[in-house]
């Protein structure tokens, strides 16, 4: 690192873990709690939507969403998320992290509520408005990815930065867990208040009008944690790295961090770290320095999310296929919601949540690269172990073994690439382009999620669960290979990783001068 690095940046790098670090984790993490809740709770209610709006009189099986409708309901939020990641990632570098941060939260709050208030009672009206609001919900969620990661990265010290960013992302596990818990409570409460027989006993009585409130309540609940966080996001100061390196106001950065760190930080108004590090995203210099890095972060996130979201969104179908969840016709509508939610909550509790926190515990000890390689490796192994002897796992006496193996793929996804693909893009790019590059990486991830959401829906019907799992195993293997394009960032300062420190050291001191405005992106 350059010896003449700005004092405020050096103070951030060597700061001891303080209360403000934990406050930032909670403020940013509650956004991710909401993100995960909103993205994954839809998979808990799609079976119920099928029974309510697509029931055919006299049919032997309960109503279900047509394939195209199911794919749209499950995947439309990812389309919005991809768009939001690109737009708000770019906006976070242009206007500042703080100015955009509260904006994305209010979009999430409004659209969470609106999703549950989808208009009408006719299938076309309800599904159309649900998809519309879930697209814009995803748009807000998309903004939270680059902004939360970048803010936490720029606030953290270099010794524990990986754990802090991973802790923000780990709140996603609690969001998934909360989605299942809310679905269990709401469905159990309505089931107790309105007892109903199974579909095969009485098709008409197995679903009652009040069941329409169940999915709406589950979707709208996601607005509560986001709304609770808004005030604290508004109170956060702009990150010192953005203020000093992008807005070129080292004096303001020092003043802000003096309050946050509760120590006196020397103001250096006459200096900013620039020194030729002003290339744009679409320049040859960026391609030379960071082109392979961006390819590595985008490709690994893309491949990871194909597998991860296929597994998450269609757990209910896989569990039904192996018989862990009873056949739909043997249950009432709300009993089915309850059992799907219970199964997904058990998976989250036993494997998803622990996997995230294993990453938090070890990421600054063994490094991002090692965790990502290990995660992709074991995801590949367990996916093939499930797929190749698939008929063995469908036997009743082997179902518990299937669930254990399936849970381990989630554990190593989260103690592996699902966390590290979020962490690394927030560390290795220049401050001026950090939010944009994280947004691009995350958007490629959501492109993979859309393939998982739309593709698995058709692959399962066309080539079967076994062949679909084999394909996911191959995808995980490719993710392992592309990980070799991603650099290790453990223990290094952000300026050292991005090359800003090198440029500062190489540039003549006379070239460092105070500028107003922001550098071009």
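Numbers here mean position along the shown chain, with the first residue as 1.
Using the three backbone atoms N, Cα and C, a Cβ is placed for every residue, glycine included.
Predicted automatically and left uncurated, TrEMBL annotations should be read as such.
Record note: among 328-345, 400-417, 418-435, 436-453, 400-417 is the stretch given as transmembrane segment by TrEMBL. Looking at 135-162, 163-190, 247-274, the range tied to transmembrane segment in TrEMBL is 163-190. The stretch that TrEMBL tags with transmembrane segment, taken from the ranges 310-327, 346-363, is 346-363. The transmembrane segment annotation in TrEMBL falls on one of the ranges 369-388, 489-508, namely 369-388. For the domain 'Major facilitator superfamily (MFS) profile' (24-491), the predicted model reports an average pLDDT of 87. Within its own chain, the transmembrane segment (346-363) is flanked in space by residues 162-163, 166-167, 169-170, 172-174, 176-177, 180, 315, 371, 403, 406-408, 410-416, 418-420, 423, 490, which lie at least six positions past its ends and keep a Cβ under 8 Å from the stretch.
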